[in-house]
Structures are given as structure tokens and as C-alpha cells.
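Trainee: In case it helps, TrEMBL gives these features for our protein:
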type	residues	note
TRANSMEM	B:12-31	transmembrane segment
TRANSMEM	B:37-61	transmembrane segment
DOMAIN	B:37-234	domain 'ABC transmembrane type-1'
TRANSMEM	B:73-96	transmembrane segment
TRANSMEM	B:183-203	transmembrane segment
TRANSMEM	B:215-234	transmembrane segment
């Protein structure tokens, strides 16, 4: 048992520092992906809510595809496909140019596309849940379009969307482990490296699992605080 | 039958080349892709069914169990829902390798030696956690009067569950269960990382040999078809099983 704990120590003999670095990269990846995915999700939600039939169809197609594909497949398509596409494009400019896609960027793009598909559903439901009268009242008060969104629509949308977005975030956090397959040194990858050297797969993968559990535990604390804040002007059933 | 299938295959390849796809690639890997689809379906089917069997006692332990049992069931589902499936798969597949001697002693090594079995085992544990939550949610949406009425009629608790509580709970949980099947189809791609030649595994193999992006697009289409079929079937299933709840449709 003590030997195993020593394997987790920080320093030349232990894997503690490597695993911690991997864990930080996992968090970074998730945090960078979050705004990308939400921005895509918001754009797709607005498209699906628009009057144009074409835009609605595009939005629906986007959601169907990226919710239906395995995340691993999306990652490979973005990583290898992006590499080939960019190399071909660069080939038109400079003869024989070769472009390597950065794995981190590929990870952010792939996970962002998936998060965009899932969050668009949440955001669409939230947009539709804000009554039309709110916007009408805002314009009656003389608020501009942007002010209406910022002061009237958004605070209400936010409250309704938060629980769904919190789910999306938890899924994203777990999906980041997939990027280890394209050799990003995230938590999962560092753990695998440690396993390769120490031959202690059960122990190290269990540690990795526990770190993911800590992350989701922390996330739920943050999200319940955010939810409390977002619904501070709203009395719920049950009086809480 | 045989020549007919051959003709069908040739016609298909001709069509592929007609719309500008790589027919040569398809003739080399096409059948392997079908095998991959079959392996994926097996992975998903077995895991969902075994997971459902495991989910039932877990859900009932959550609702009816005492302090200890319900907490144990909660911890189980918290662990499997809170950690990535990839980590769980590695934990079991590589972890089993570490305990090879002990597993041989109790006569289970033959099972864990095979990557496919490990994948089914991990996916089963994982989906059992999600399915038990769905079932628990279904049970807890029912008003307590349902159980009280059953007991007033003199039904034993087990019988009340079988005849009254579970059928209603499953009806409530039908839609989320469909989502879980779709999630499982997508998640099954993870099996390819531990050398299972499911659809994803075959695709990666074909890509590593041909360096043609087209194989990923085939895989994408095949996965989308599978997901879409499940979605449609589930819509029919739900309309049929919940037809007493649909008033205005």
C-alpha cells in the first residue's frame, strides 16, 4: 500500500506531478471548449428559432449530425480531416506545404462542435420559455434590441438554461478524456503513461477516476451556486 | 442467392463510383464494415440488456433499501456516472491483466482475457448506473397512493412492484431509456481503443491503411443510420406503450 502511495508522490520517483499536470490540462481543455461550444450552441439555437425555413433546416441538420456521431469519430474527423483539408488548401498557395493541426485545437474544435449541438437544444428551450410579452414590454419602455437581450431576455434565459448547461458541462468534462487518443497529454494520457512504466493499471486508473469525480463534485458546487444566484428573484415551488 | 448478392454488391459499387466515391476502397473494406456494424450492435445489445437486469435491483435498493443499501446503490451510480467511460474501460481491461493470477485461480481469466468481453462488462456496469437512475426516477414520480391501494387490496410488496409500480415506472422512463440506447451506440466506439473491431475499430484500421478520409464519412453515415433507426423505433414504441396517456394526438 505504501509503495503505491509513493508512486503518487511528487518528484522523480513519483507520478504525482505528471498526473497533476495532466489534470490541469484536462481542466484547461474543458474551460476553453466551454465558451466555444456555448457560442456555437447559441448560434444554432437562434437559427432553429428563426423564421427562415432554410436556417431552421440547417440548425436541425447540425444537431442531428453532431448529437448522433460518436464523440471519438467527430474527434478523428476534425483531427485527420482538418489536417488533410488544411494541407490541401496550403498546397494551392505553397507547393508541397504540409500543415500539422495542433492536437489541443483539434480537441477544442471537436468537443466544441459536440457541446454546441447539445447546448443548442437547452438554449432553444430557454429562448422559447421567455414569454413574448417580456420583449414587447421592453420595447414599450423604449429599450433597444441589445439592451432588451442584456437586461430582460438574458437574465431569464440564463435561469432556465443553467440546469441543462450544467449537465452539458458534466458530459464535456468526461468527454475530454477522449482526446488522450490523439496524444494530448491530459489526465487520461498521463495516467496511461504512468501505467506503462509502473505496471499498476488498476491503481492508477482508479486514481484518475477519483480525480474526475472530484472535478464533477466541484462543478456541481459551482453550478448550484450559479443557479441560486440566477434564481434569486424567483420563488420556487416548495419555497426554497 | 450467392450470385444475386454478388450482383447486388457490384451494383452498389457501381453506384458509389457514379457519385464520385472511392469504389475500390469500398470493395476492399465494405464487408469488414458490415462486420464492424454487427460487432457494434452486439456490444450495445448485450450491454443494454445485461445493464437493465442489473439496474432493477439497483433502482429498488435506492427506493426501498435501508440506509446502507440505498447509499451503496447511490455510490455505485455516482461513480459510474461521474467518471469517463474510457477510464472505466481501461480500469477493467488493463486492471484485469494485472490480476491475472487471481482471476485464473477463480476461473474467470478466460472471460477477461478477451477485449470484447471486457468492453461488454464495462458498458454493462456503466449503463446499469444510468438505467437505474431512469428507473428510480420513474418509480418516484408515482404517487404513494399507488402502493397504498395495492396493499389495501392485499397485494404482496413484490407483486405490487411487478404488477403496478414497475409497469408505470417503465412507461415514464421509456423516453430517457431511448436516449440511453442512443448514448450507448455512440459510447460503444470507445471499445475500439482496447482493440475491439467494432465499426469504429474497422474504420480506424481502414484509415490507417488507406489514408482516405472517406472511410470516416462512411462510419459517420452508418452511425447516424443506427441512431436514427433507434429514434424512430422508440417513437413508435412510445406511442404504442403509452397510448393510454396520449389524449390529443
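Our numbering is plain: 1 for the first residue shown, then up by one each step along the chain.
Keep in mind that glycine also has a Cβ here, set from the backbone N, Cα and C atoms.
Nobody curates TrEMBL annotations by hand; they come from automatic prediction.
Could you give the neighbours, burial and distances for every feature on this list?
Mentor: Same-chain residues lying 6 or more positions outside the transmembrane segment (B:37-61) and placing a CB less than 8 Å from one of its CB atoms are 69-70, 72-73, 76-77, 116, 119-120, 123-136, 139, 161, 180-181, 184-185, 188-189, 191, 196-201, 222, 226.
Same-chain neighbours of the transmembrane segment (B:183-203): 29, 32-33, 35-37, 39-40, 43-44, 47-48, 85-86, 89-90, 93, 115-116, 118-119, 123, 126-127, 130, 215-216, 218-219, 222-223, 226-227, 230, counting only residues six or more beyond its ends whose CB sits under 8 Å from a CB of the stretch.
With a cut-off of 8 Å between Cβ atoms, the residues of this chain six or more beyond the transmembrane segment (B:215-234) that come close are 25-26, 29, 33, 37, 40-41, 174-175, 178, 181-182, 185-186, 189, 199-200, 203, 206-207.
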Trainee: Quickly jot the same-chain residues contacting the transmembrane segment (B:73-96) by Cβ under 8 Å, restricted to those at least six beyond its ends, or write none.
Mentor: 58-59, 61-62, 65, 103, 112, 115, 118-119, 121-123, 125-126, 128-130, 132-133, 187, 190-191, 193-194
